[in-house]
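Engineer: To start, I am sharing the structure in question, which I have written as structure tokens.
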Amino acid sequence: MSTPGAQEVLFRTGIAAVNSTNHLRVYFQDSHGSIRESLYESGWANGTAKNVIAKAKLGTPLAATSKELKNIRVYSLTEDNVLQEAAYDSGSGWYNGALAGAKFTVAPYSRIGSVFLAGTNALQLRIYAQKTDNTIQEYMWNGDGWKEGTNLGVALPGTGIGVTCWRYTDYDGPSIRVWFQTDNLKLVQRAYDPHTGWYKELTTIFDKAPPRCAIAATNFNPGKSSIYMRIYFVNSDNTIWQVCWDHGQGYHDKRTITPVIQGSEIAIISWEGPELRLYFQNGTYVSAISEWTWGKAHGSQLGRRALPPAE
């Protein structure tokens, strides 16, 4: 059975999440096209019609990034498939960001990935979306207006896009990793490091995934030329799979994590420990967003069964 609150959540909604340690924000679309925020501050709250931060085309992809929770950016598409930005800065609240004014039109089936660049106090942003020629395009904000960045090449039409960013302690600048799916259904990585720029190689992390499956990624414990990454995607068995990159081991340990509805979107956040939080739809109350957690103390387990407004 559903609940009145769960019925407000769009089935197969885009999902995005940001955090500052265990202070959490989750974004989703309601059945009227509005983007809402649910939050966790020692307990779950909000997600109601009073917590709308933007309006987007129905079925929009969602991406979000934050610097702690002082600056939050949430990305979606307008009815005309133009990239738009809902922005939050502590002290000024939510407002419409400058992105829509740049009029970057993307494919109607594009997904979105976004990151604040790590290791700097400046507000520098990178967004990844799919153009109508099916290439993955980077869009950059360095404080002086939105511009097109590097084009990462052709991908499967409608591919999921995962992205994460950190700064190695021995590197002068941020590192970026972007994951997407190619026409042959491989899940691949493009990489950027400050001393090399974008590497030309595509690194395959999974040989064959369902077409247009959701992809999400996070990282933790950046050190001296070392990083730990977790990449998630929805596999053909209708479960979320996890692919691990661990320092000294590279890509290894690919395993199923938790069941979802067919076509679920996913979002992942993490903090030191590590602690992992994954958000998805698994059929609870039909369309509620559910949570999976991992921590050293308790290992892998389901967290909140249904985020507000579902219960």
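Glycine is no exception: its Cβ is also placed from the backbone N, Cα and C atoms.
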Engineer: Which residue of Arg25, Arg277 does Swiss-Prot report at the same beta-L-fucose 6 site as Trp44, Glu291?
Structural biologist: Arg277
Engineer: Among Glu37, Glu41, Glu85, which residue does Swiss-Prot annotate as binding beta-L-fucose 2 together with Arg73, Trp146?
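Structural biologist: Candidate listed by Swiss-Prot for the same site: Glu85.
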Engineer: Determine, to the nearest whole angstrom, how far the Cα atom of Glu138 (beta-L-fucose 3 binding site) is from the Cα atom of Trp44 (beta-L-fucose 6 binding site).
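Structural biologist: Trp44 (beta-L-fucose 6 binding site) has its Cα 34 Å from the Cα of Glu138 (beta-L-fucose 3 binding site).
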Engineer: I'd like to confirm something. Which of the binding-site residues, Arg25, Glu37, Trp44, Trp94, Arg177, has a Cα closest to the Cα of Glu85 (beta-L-fucose 2 binding site)?
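Structural biologist: Its closest listed neighbour, by Cα, is Trp94.
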Engineer: From the binding-site residues Arg25, Glu37, Trp94, Gln242, Arg277, pick the residue whose C-alpha lies nearest to the C-alpha of Gln189 (beta-L-fucose 4 binding site).
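Structural biologist: Closest candidate to Gln189 (beta-L-fucose 4 binding site), judged by Cα separation, is Gln242.
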Engineer: Give me the Cα-Cα distance between Trp146 (beta-L-fucose 2 binding site) and Arg126 (beta-L-fucose 3 binding site), rounded to a whole Å.
Structural biologist: 10
Engineer: Who sits close to Arg230 (beta-L-fucose 5 binding site): which same-chain residues at least 6 apart have their Cβ under 8 Å from its Cβ?
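Structural biologist: Counting only residues 6 or more apart in sequence, the Cβ neighbours of Arg230 (beta-L-fucose 5 binding site) under 8 Å are Ala217, Thr218, Asn219, Gln242, Val243, Cys244, Trp245, Ile268, Ser270, Leu276.
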Engineer: Write down the Cα-Cα distance for Trp94 (beta-L-fucose 1 binding site) and Trp44 (beta-L-fucose 6 binding site), rounded and given in Å.
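Structural biologist: It is 20 Å, counting Cα to Cα.
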